[in-house]
Ligand SMILES: Nc1ncnc2c1ncn2[C@@H]1O[C@H](COP(=O)(O)OP(=O)(O)OP(=O)(O)O)[C@@H](O)[C@H]1O
C-alpha cells in the first residue's frame, strides 16, 4: 500500500467532455475541458453549481445536493435528463452516461451506462474515478445534525473502500425489517435472531471501516504543513455502539452487539426504532490548536477547517484508492482571504488532480493564470473564455 505522503501513487482521473440534456437550467450543453483547473464564473443563478452537481453524478449516490431526480429535470416540461461525460483514468478513456426518465406514479431511478454497459449499481462508477466536493451546503456540518456528519464520513470511507456503500445499505434494510417486526409486535424469535445476526455482522464491518478511515485521516492531518492556514482538525468518532473499545476481536464485538440487540427488543419496540448501532454514529471535530469544538469556531475558521479536512481526504484517497480525485469546490474562493486562497490553489495543484471551481468574480482566480480554463456561465449557457 502506498503511503499517504506519496501523491504520485494515484492514477489521474479527469473529465474531458461534459454534455447535458434537460438538466436543471440547461436545455442542451456541450463543454470540453483541457486544463487541470476549470473555473465556472458568472452571476448568481447562472447555473455554475448546477454544473458541479452534474459532475457529482459521476460518483455513486444522488449527487452533491442530494436533490431528488425530479428536481434535476429541467422545469420546462422535461420528464428526463441526461449527463454524459468522457472520463479518462490513466491512459484509458471511457464514456459515462447517466440520467433519469420520469414515469407516471413511480419515482424515477437513475441509470448508469459505462461505455456500452448498463451497470447494476452506481457504485461501479468508483472503478473510474473518485470525486470529492466541498459546497456551501456543508457549512453547517460541525453544528448540524449527526446524520450529515455520518454521510460525510461514509462518503470518505466509500472513496477508499467501495464495498462500504453496499454494507451500509444492507444494514439499513435489515434494521428497517427489525423495526417493522418489533412495531408490529411480531416477536418471532427465529426471524428476529436471523436479522440481528446479519445486522451485527454488517455493523462491525462498518465500524471497522469507519475507524480505519478516521485513522488514515488523522495521520494525513498530522502530516499537513504546520504553516498551512487551514487549521488541523481533531477527530473523535462515536461508533454508535455501547462500547467504543475496538481492541477486542471483531467476532467478540459482533457477538456482544447481537446479544444486546436481542436483549433490548422490548426497549426498541417502545422507542419505535433501534436505539443502538452504526446508524447512530457521529464524528466530533475539534479545532486542535484552540482545543475547542469546531462548532464554536467562527464561520471563517469552520470553513478553513473543512478545507483542511477535504484536502486530507483527497490525499488519502489518492494514496489508498490509487486514483487522484477530481475536486469540486463550490464558491470557496470568495470565502477565503487572499493568503488562504493562494494556499488553497497551491495545495490543490500539489494534489495534481483535476479541480472544478465556481465563483461570481473571475478575478479571484487570476493567480491561477494559464493553469486554469475559464468558463463563463450565463443563464444556462456556457462558453470558454472570460
Ligand atoms: N430543475 C430546474 N429547471 C430549471 N431551472 C432550474 C432547475 N433547478 C434550478 N434551476 C435554476 O438554476 C439556477 C441556479 O443555478 P445554480 O445553483 O447553478 O446557480 P449559481 O450560478 O451557482 O448561482 P449562485 O452564484 O447564486 O450560487 C436558478 O436560476 C434556478 O432557478
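Positions of Cβ are set from backbone N, Cα and C atoms, glycine also.
Around residue 44 (ATP binding site), the same-chain residues at least 6 positions away in sequence with a Cβ under 8 Å from its Cβ are 360. Under the heading ATP binding site, TrEMBL lists 42, 43, 44, 45, 46, 47, 48, 49.
Look at TrEMBL and you will find 34-378 tagged as domain 'AAA+ ATPase'.
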Tell me, by DSSP, whether residue 45 (ATP binding site) is helix, strand or coil? coil
Return the residue, from the listed binding-site residues 42, 47, with the maximum count of other C-beta atoms within 10 angstroms of its C-beta. 47
Report the same-chain neighbours of residue 43 (ATP binding site): residues 6+ apart in sequence with Cβ closer than 8 Å to its Cβ, ordered by sequence. 360, 378
Taking 8 Å from the centroid of the Cβ atoms of 42, 43, 44, 45, 46, 47, 48, 49 as the cut-off, which other residues in that chain fall inside it around the ATP site? 358, 360, 377
